[in-house]
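Undergrad: From Swiss-Prot, here are the annotated features:
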BINDING   64, 67, 70, 113  [4Fe-4S] cluster 1 binding site
BINDING   74, 103, 106, 109  [4Fe-4S] cluster 2 binding site
DOMAIN    55-84  domain '4Fe-4S ferredoxin-type 1'
DOMAIN    94-123  domain '4Fe-4S ferredoxin-type 2'
């Protein structure tokens, strides 16, 4: 009886060993799918949600109308907006801050914006070296939007048929 149990344990162990080797051998000669980041980069979708930016109209006026929908819809409460009324009766933002540590990059702010003012770009490689620099101000977001406007416009055009 003991010999029978020892035989079963040895047989069971070898079968499992050969099954594991078969899986290893199966993938040993296939094309590798691992990307060696940062030397190699994968293509990004036009819908990729990375660093935020604020956009302007072609005449240079900022698009944000201070409706505060993005602030209301943000599940992480990462957006802070303060606004005031201008002489012509329209509202504009005086403060538009995004806390990048709180942001979960869900894209709700982008979807809620009626004038396409706040967008998320393809840029995902950024870092903060000092305390407090993780809060992006209105000026920083506008400058970032100005810098990447051509890519943002191309991504919006490519994604337009799905909106």
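In case you wondered, yes, glycine gets a Cβ from its N, Cα and C as well.
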Undergrad: Of 74, 103, 106, which is closest to residue 113 ([4Fe-4S] cluster 1 binding site) if I measure between C-alpha atoms? They're all binding-site residues.
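TA: Nearest candidate: 74.
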Undergrad: So around the [4Fe-4S] cluster 1 site, 64, 67, 70, 113 aside, which residues have their CB within 8 A of the centroid of those CB atoms?
TA: 65, 66, 68, 69, 71, 81, 109, 112, 114, 115, 117, 118
Undergrad: Out of 74, 103, 106, 113, which of the binding-site residues has the smallest number of neighbouring Cβ atoms within 10 Å?
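TA: 106, out of the binding-site residues 74, 103, 106, 113, has the fewest neighbouring Cβ atoms within 10 Å.
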Undergrad: How far is it from residue 67 ([4Fe-4S] cluster 1 binding site) to residue 103 ([4Fe-4S] cluster 2 binding site), counting Cα to Cα, in Å?
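TA: Just about 20 Å between their Cα atoms.
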Undergrad: Fewest other CB within 10 angstroms, which one of the binding-site residues 64, 67, 70, 109?
TA: 67
Undergrad: Measuring Cα to Cα, how far is residue 70 ([4Fe-4S] cluster 1 binding site) from residue 109 ([4Fe-4S] cluster 2 binding site) in Å?
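TA: Residue 109 ([4Fe-4S] cluster 2 binding site) has its Cα 4 Å from the Cα of residue 70 ([4Fe-4S] cluster 1 binding site).
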Undergrad: If I take the alpha carbons of residue 109 ([4Fe-4S] cluster 2 binding site) and residue 64 ([4Fe-4S] cluster 1 binding site), what is the distance between them in whole Å?
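TA: A Cα-Cα distance of 12 Å.
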Undergrad: Determine which residues of this chain, when 74, 103, 106, 109 are set aside, have a Cβ within 8 Å of the centroid of the [4Fe-4S] cluster 2 site's Cβ atoms, and list them as they appear in the sequence.
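TA: My list of surrounding residues reads 70, 73, 75, 76, 78, 79, 98, 104, 105, 107, 108.
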